[in-house]
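Asker: Below, the features straight out of TrEMBL:
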REGION    320-347  region 'Disordered'
DOMAIN    366-543  domain 'Josephin'
ACT_SITE  Cys379  active site
ACT_SITE  His480  active site
ACT_SITE  Asp495  active site
Amino acid sequence: MVPGSPQRVGVVGYGRLALPFSAGQSLVSRLLAQGSELGLELVFVWNRDPGRMAGSVPPALQLRDLTALEERHPDLVVEVAHPNIIHESGVQILRHANLLVSLLTPQLILFCVGCILPYRSDLCLGLPSLPSKVGSPSALADQTTEQRLMEASNHWGHTVFVARGALWGSEDIRRLDEAGGLQSLRVTMATHPDGFRLEGSLAAAHSSGPRTVLYEGPVRGLCPLAPRNSNTMAAAALAAPSLGFDGVIGVLVADLSLTDMHVVDVELNGPPGPTGRRFNVHTHRENPAQPGAVTGSATVTAFWHSLLGAVRPSKGPLAFAAASSPPDLGSTSADKSSPPLPLLSPRLLSGAEEGMSQAPEARPSPPSVYHERQRLELCAVHALNNVLQQRLFSQEAADEICKRLAPDSRLNPHRSLLGTGNYDVNVIMAALQGLGLAAVWWDRRRPLCQLALPKVLGLILNLPSPVSLGLLSLPLRRRHWVALRQVNGIYYNLDSKLRAPEALGDEDGVRAFLAAALAQGLCEVLLVVTKEVEEAGCWLHTS
């Protein structure tokens, strides 16, 4: 996109929800009416049935062949169709633009949430360049789709955004989850039976009374059965990666009394406190809707604000597009201005060496340093996220990697038998490889002056860790993963057992830290580098 020029937006999906509106129709109408004053230009509209665009979409904007979207040069493609569109064409879209997924496709959300990789809260997947918005987060619950989108995002440098839609309090859920204070999350969506678009085994489900529970269980199982009705639940799974699609519980309820609204209840609990009582939050949202409509009117409005959030500069591959509700929906000014939260920084894979060893000329305020604190035996997960400076991995994601590494093992050799973490080096290497990165073992016999730090994204150390019971030190030996990373010219020790990041200083400071650690004799050092740096061997000064 040329600086200063309008952001070019394409819309995929014009709607069968005409009752009397659809998300696609509403979006196109707003872009045509308000786009120019907001710096947005509608460049195409595609619908599986082109006849639905007749008379309402200018012929010049009608795209008949989705594979020809490159000719329209979009910066952002907004998906407000069926999740199948993401399965079929998501990779093609990411080749040319960023993708914004509406909350009409919950199955997709999975990859953000739990298994992956580059992401933050509004869900952003991939490297940042051009934008693409996913309206159907449920599509992300399909692991094959997730993997293909992730690879395309990383390869082409584009981002996937996921709209929050009807999920209230997504940022609070995310923050609580990051702090280790979330133990359970349950999302219940209730509406009239005519408002459901069910598939598979739920397609023949019938209400047995005034209020019938059609499904209750993990969100992953619900997404393929109710792809148009499970996006809020999928968004919750993305916002709480420690639980993910398998841990967040979704409940779908048919209620004959709810003829003109969708009701969403979100209940979360934290772990027991010192008194045995738990932190608990229960929100109840009533979203007005036309009879038989899949999407509530407030959700469509919120999605428009998610689009506006997605066209702001992105910093990551997977992010929640900040949805700000209009004043009459009870939003605050903070809601309206909050930008999308990127999941993976686009620069992660492209510029590890750009000025990493040079301190900035001026530093008016302390740099923002991402630092996860220790939980359970998840130091490997914390080290990965700390070295990448974003929450890209969860315990669920690490467990999935363990299963892939040893699919036939009853007792997985790559993690603790107790299920509390304690992941080995193979998990760390596989996780980095999934992002297009590599872990290079540093030979302790080499002098540290040969370490080309400007070529290194970060370092992960494996150190001996004492084991204690209260004040009593036990004669046991454990290992602990620690991340070192440069941020704004300063290297930091991001040990998850520290209360806050520890500044090490410049290159001399980090070399001194490494020398002291290696002198213990039981320290191993992994260099986190791009594939290109690994293949060229330029992480090492040979002269």
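For all residues, glycine too, the Cβ spot is worked out from N, Cα and C.
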Asker: When DSSP is mapped onto helix/strand/coil, what comes out for Cys379 (active site)?
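Answerer: SS state of Cys379 (active site) = helix.
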Asker: Restricting to the domain 'Josephin' (366-543), what is the model's mean pLDDT?
Answerer: 82
Asker: Specify the secondary structure state of Asp495 (active site) as given by DSSP, simplified to three classes.
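Answerer: Looking at the DSSP assignment, Asp495 (active site) belongs to neither helix nor strand, so coil.
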Asker: I'm trying to understand the geometry here, so how far is the Cα atom of His480 (active site) from the Cα atom of Cys379 (active site), in Å to the nearest whole number?
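Answerer: Per the Cα atoms, His480 (active site) and Cys379 (active site) stand 6 Å apart.
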Asker: Please report the number of other Cβ atoms within 10 Å of the Cβ of Asp495 (active site).
Answerer: 23
Asker: What is the number of other Cβ atoms found within 10 Å of the Cβ of Cys379 (active site)?
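Answerer: Other Cβ atoms found within 10 Å: 27.
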Asker: From the Cα of Cys379 (active site) across to the Cα of Asp495 (active site), what is the distance in angstrom?
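Answerer: So the alpha carbons of Asp495 (active site) and Cys379 (active site) sit roughly 8 Å from each other.
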